[in-house]
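Asks: What TrEMBL records for this protein is below:
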type: BINDING; residues: Cys77, Asp79, His133, Cys136; note: Zn(2+) binding site
Amino acid sequence: MVFAQLADAFSFCTSPDVRHVRTTADPPMAPEESLKMLKEGNRRFVDGRPLGARTKDAARRQLVDQGQAPHTAIIGCADSRAPLETIFDAMPGDLFVLRNAGNTCTHAEGSMVGSLEFATGKLGSRLILVLGHTNCGAIAGATKTYLEAKVPQKAGSALQGLLQDLGAVAEQAVQEAGPGASADEVTARAVKVNVYHTMSFLLRFSESIRSAVREGTVQIQGGIYNLETGSVDFLGALPTQTELLDSTMAIPPSMVEAGEARGKHGVRTGADSAVPKDVALKMLKAGNERFAAGAPTATQTSGPMRKALVQCGQAPHSAILGCADSRVPVDTVFDAMPGELFVLRNAGNTCTHAEGSMVGSLEFCTGKLGSRLILVLGHTKCGAIAGATQTFQAGGENAPGSALEGLLQGLSSVAKDASEELGPGALQEELAAHTTKVNVFSSMNFLLKYSEPIRELVRKGDLDIQGGIYHLETGRVEFLGRSPQQAELLAAEGTLPPSMALGTVRTTSDGPMAPQAALKLLKVGNERFVVGAPKAGKVHSSMRETLATGQAPHTALVGCADSRVPLETVFDALPGDLFVLRNAGNTCTHAEGSVLGSLEFCTGPLKTRLIFVLGHTSCGAIKGATSTFLSGQKTKAPQALDALLQGLGSVVSDAQKELGKKATEEQVAAHAVKLNVFHTMNFMLKYSEPIRQKVRSGELEIQGGVYDLQTGRVEFLGASPSQAKLVAAEGAVAPSLKSKMQGA
């Protein structure tokens, strides 16, 4: 037995496999050679013929006297089943080892990155290996936490915080594994994703490591250790390495010096120069990354900071239009100090309502305060967007009964656009998610369309408008870039926001308005009325004094006398806009002389170039005429009402003929409303030579529409189908005027 031990000792002393230890006396080892040594060492470990434990006192003294020069730095897991030096059969002095649960940089990233910068800089290591392992408890816990977290919970311990912050890794693994993947399959995928995630972190947040990789002096490799076989699966370099080498972050988020980025006084004030738009965007991205990584640097403001904010004023680097949702505290999401962000918030991050204040505030921020970046920020699971989506899918177009209903209806047009983009069959959850994105672009487009100061700054390159979506689940902002329609909107002519477009009344000093321009005013005014954002009521004394000098209405309106259809209100019109004629049934059947004469006066001396005939749903006059006609009643019309109803009988008759005899009375009455509009338009064209001549020359247009009592919207019908025929025919005198002329 003694002789056997002596033989082993003699063999050890003379074996060529005995390696010397690496010290500063050795030159740096090329990364390819270091990787080869790791692979060979792992093979010896798997084969059960390790050499790394064979050290002598002399070797240990060399390490002390000459110092270390590890050929590889490794980030590995703290799992006791994965001892890194043993796995790679390494000698003391070979490996510079960093270990934590999950081989991650999610927490304490400053110490991890700083340690690697020390190893690759001072110690001369030329290879960094990030090593995960199968059946990793930290990754399994993170995956389980993510899969079971229907509602994110606040971390109650450092461990829970670690697992939650690895949620981004689990989320990506779920997406890559695909639907139907089991928890075990997702966990296995997450191990690899996490290795790449840590490699990515090193490239993103270390300028020294990034530069060394760029120059080719250092390599970053990944690997996964299989607990069952003992083998390491070497993954190679990060697939996105080339892209990440363009990163500009010098140090990890938690180590950013606040003073350098946050102004002369530790907070941004008017004493600081404007931040370029691209730099401002980088600051937002870096701040969000710090927030998502759980390493915020925004500190409490001191007395001197608050004093500087008061004395020097504000100079925010960005203006944010975000949602009022309590789960999206904008300053916190971007890890911002007071003075950095000019924040506007409402439900749905929209300009649909109160757009004047939103646009005006942003003009102040980008003009007076000098901000060079506007970010419109939506977020996942937005209650306002979900409500608007439900309103759209339910077809709810009733007049809003509250400001909230008005807001949801105003956003329903965004949901409609999103639905058209997705196509039929989209689920409500899918539609709501896509609507969030469409709504961000909608708000961006609103700014580009309705603010000339903002448009001019963007056009000159002094301002950028970007969009983003904050993901409640991960804490990260998905940056969307600019609006796809930006170039088109900048080339178009800008206007004021709808709620601010009104401000002057029309008088005789205004020239005639083109028919299509007048029609556009009617459409825009009706839209304001529908969404509950009218502005026409704001009439001051100077406007009334101006009206006293004379009128120049842009439209002559023939409508029903029904009290539910206040025409100026329906079109949100100012005094002086509309020349209004009203009677039961919006008809010229009776008293046509006064109607035609009034219209000839309006389109003649007053120079109005649009006549608009407006019927409405559930019209009592039309219903009465329909009932009289279908019942076959024939009276001598002892009352004016009976005569009116019988006079409308021809319209009802035409409606029944078009629908067929099987049509119900309700259907006939509804169709008769539309035909009656055309009947009134045709009456003008047939019995008024001045009006007919103006239409023939293109100087005047006659349009029709139907007002829906339930929705408040006007269906614009266009010109009469019979217009061309009637304009070409010989005119006639109105029946009531003809009889009077004959009597004379």
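Using the three backbone atoms N, Cα and C, a Cβ is placed for every residue, glycine included.
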Asks: For Cys136 (Zn(2+) binding site), what residues in its own chain, 6 or more apart in sequence, show a Cβ-Cβ distance under 8 Å?
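Replies: In sequence order, Cys77, Asp79, Gly102, Thr187, Val191, Asn194 meet the Cβ cut-off.
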Asks: What other residues of this chain sit with their CB within 8 A of the center of the CB atoms of Cys77, Asp79, His133, Cys136, the recorded Zn(2+) site?
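Replies: Here the non-site neighbours turn out to be Gly76, Ala78, Arg81, Ala82, Gly102, Asn103, Gly132, Thr134, Asn135, Gly137, Ala138, Ile139, Val191, Tyr225, Leu227.
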Asks: Is it possible to get the count of other C-beta atoms within 10 angstroms of the C-beta of Asp79 (Zn(2+) binding site)?
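Replies: Within a 10 Å radius of the Cβ of Asp79 (Zn(2+) binding site) lie 19 other Cβ atoms.
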Asks: So what sits near His133 (Zn(2+) binding site) in its own chain, CB-to-CB under 8 Å and at least six residues off in sequence?
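Replies: Listed in sequence order, they are Gly76, Cys77, Asp79, Arg81, Ala82, Val191, Ile224, Tyr225, Asn226, Leu227.
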Asks: Around Cys77 (Zn(2+) binding site), how many other CB atoms lie within 10 A of its CB?
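Replies: Cβ-Cβ neighbours of Cys77 (Zn(2+) binding site) within 10 Å number 24.
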